[in-house]
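> The annotation active site, proton acceptor is assigned in TrEMBL to Lys188. Annotation comment: TrEMBL describes Gly8, Ser9, Gly10, Ser11, Trp12, Gly13, Ala137, Arg252 as NAD(+) binding site. The NADPH binding site annotation in TrEMBL covers Ser11, Trp12, Lys105, Ala137, Arg252, Glu277. Annotated substrate binding site per TrEMBL: Lys105, Arg252, Asn253, in sequence order. The annotation sn-glycerol 3-phosphate binding site is assigned in TrEMBL to Lys105, Gly133, Ser135, Lys188, Asp241, Ser251, Arg252, Asn253. The domain 'Glycerol-3-phosphate dehydrogenase NAD-dependent N-terminal' annotation in TrEMBL covers 4-158. Look at TrEMBL and you will find 177-316 tagged as domain 'Glycerol-3-phosphate dehydrogenase NAD-dependent C-terminal'.
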Amino acid sequence: MARIAVLGSGSWGTAIAVMADRHGHQVSLWSVFPEEVDCLRRDREHKKLLPGVMIPDSVRITNDIHTAADADLVILAVPSFAVRSTASMLRKVLPDGAVVANLAKGFEQDGTKRLSQVIAEELPQVRVVVISGPSHAEEVSRGIPTTVVSASHDQEAATLVQDILMNPDFRVYVNPDIVGVELGGALKNIVALAAGICDGMGLGDNTKAALMTRGLTEIARLGVKMGAQTETFAGLSGIGDLIVTCTSMHSRNRRAGILMGQGVPTKEAVGRLSTVEGYHATYSAKLLSEQYQVVMPITEECYQVLFNNKDPQKALADLMVRPKCSETEHTWLDK
Ligand SMILES: NC(=O)c1ccc[n+]([C@@H]2O[C@H](COP(=O)([O-])OP(=O)(O)OC[C@H]3O[C@@H](n4cnc5c(N)ncnc54)[C@H](O)[C@@H]3O)[C@@H](O)[C@H]2O)c1
Ligand SMILES: O=P(O)(O)OC[C@H](O)CO
């Protein structure tokens, strides 16, 4: 039995808390919002973000960040934009060597920092782990078999997360390639948005398969330039998460894309869903593609659609008539 502090009580935080409790751990679930804590305590259910999943009485719901102080494992389950502010609240709370596992998939908002870098800046005393992979909260909370990756520069910390969280419904692999695992999780959300747009436009399976495949190619191309291992993108946090996010109706990124493909304006489509990380990730990925001089045609077209009001039909047409190239040629336009 381990003491686990889950920070962030949206759909993913609630799901992980419920799963960990089911497998005998002592779990606390924290929210920065007192009103969210009140609702969760009253209903023992997150009616808005994870309806139908009961939170057992054994999960301690709290607004006190100090509950994280003596946890064996601290899990950050807030959206990307809130990772820095939440980590900074922990600065005086966590002891040296504490293990902090991040669940958010994205970048620092309006910038290019990976979230593990943000956490390390705010919490230099802790060991940072990233958990990523094909894992919808709606399924994990119900015990549907799921697999994820635990990645860290500190193998002992990655293995501790594996030891604590792994159970017969939730299989955890370790991977030392934190850069690749983190980038796969953040960048697949852009492709899922694009896949949703194609679905909303009524296009077919061929188009979606092409987007997913060529999307993964450009994710890997950027990732390798940033120091990731190619093989990681063929794993759970790469193609695995890309598949689940581009094809599942649980995905908020895909659902926002579907609305956009049906003609709903970008801001309205994104605003209708709780957390659409792909919107912000597109902005960050565009900056990264320029910084690392990597050709990312799907990201570029997504950026034009999301931030410059480009017609998705025109974006798709432009992708189809790009200059001829070889499928395996990765650097044909790189400087
Ligand atoms: N939902 C999933 O299935 C799933 C799976 C894997 C990864 N993720 C990732 O986990 C992260 C969280 O996603 P989610 O689905 O739980 O989002 P959500 O929209 O369901 O939950 C948002 C929650 O975050 C917390 N929060 C919001 N603003 C905050 C702030 N300013 N400071 C502190 N806490 C704040 C609140 O508890 C809020 O309920 C995202 O990066 C997402 O990509 C989600
Ligand atoms: O609902 P989404 O689109 O944020 O996807 C959730 C997870 O990342 C799937 O693994």
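Cβ coordinates are placed from backbone N, Cα and C, and glycine is handled just like the others.
Mind mapping these onto the model and telling me what they sit next to?
Secondary structure at Lys188 (active site, proton acceptor), as computed by DSSP, is helix.
In the three-state DSSP scheme, Ser11 (NAD(+) binding site) is classed as helix.
For Glu277 (NADPH binding site), the same-chain residues 6+ apart in sequence whose C-beta sits under 8 angstroms from its C-beta are Pro79, Ser80, Ala104, Lys105, Gly106, Ala186, Asn189, Asn253.
Reduced to three states, the DSSP call for Arg252 (NAD(+) binding site) is helix. Around Arg252 (NAD(+) binding site), taking its Cβ as the centre, 22 other Cβ atoms fall within 10 Å, counting all chains.
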> What are the sequence-distant neighbours of Lys188 (active site, proton acceptor), meaning same chain, six or more residues apart, C-beta distance under 8 angstroms?
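Lys188 (active site, proton acceptor) has long-range Cβ partners Lys105, Gly215, Ile219, Gly238, Asp241, Leu242, Thr245, Cys246.
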> Within the domain 'Glycerol-3-phosphate dehydrogenase NAD-dependent C-terminal' (177-316) only, compute the mean pLDDT.
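The predicted confidence over the domain 'Glycerol-3-phosphate dehydrogenase NAD-dependent C-terminal' (177-316), as a mean pLDDT, is 98.
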> Which ones are near Ser135 (sn-glycerol 3-phosphate binding site): of the binding-site residues Gly8, Ser9, Gly10, Ser11, Trp12, Arg252, which have a Cα within 10 Å?
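Checking each Cα against Ser135 (sn-glycerol 3-phosphate binding site), the hits are Trp12.
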> Compute the C-alpha separation of Gly10 (NAD(+) binding site) from Ser251 (sn-glycerol 3-phosphate binding site), stating it in Å without decimals.
14
> Quick one: largest C-alpha distance among Lys105, Gly133, Ser135, Lys188, Asp241, Ser251, Arg252, Asn253, binding sn-glycerol 3-phosphate per the record, in angstrom?
16
> Would you count the other C-beta atoms found within 10 angstroms of the C-beta of Asp241 (sn-glycerol 3-phosphate binding site) for me?
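Result for Asp241 (sn-glycerol 3-phosphate binding site): 26 neighbouring Cβ atoms inside 10 Å.
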> If you draw a 10 Å sphere on the Cβ of Ser135 (sn-glycerol 3-phosphate binding site), how many other Cβ atoms land inside?
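Around Ser135 (sn-glycerol 3-phosphate binding site), other Cβ atoms within 10 Å: 25.
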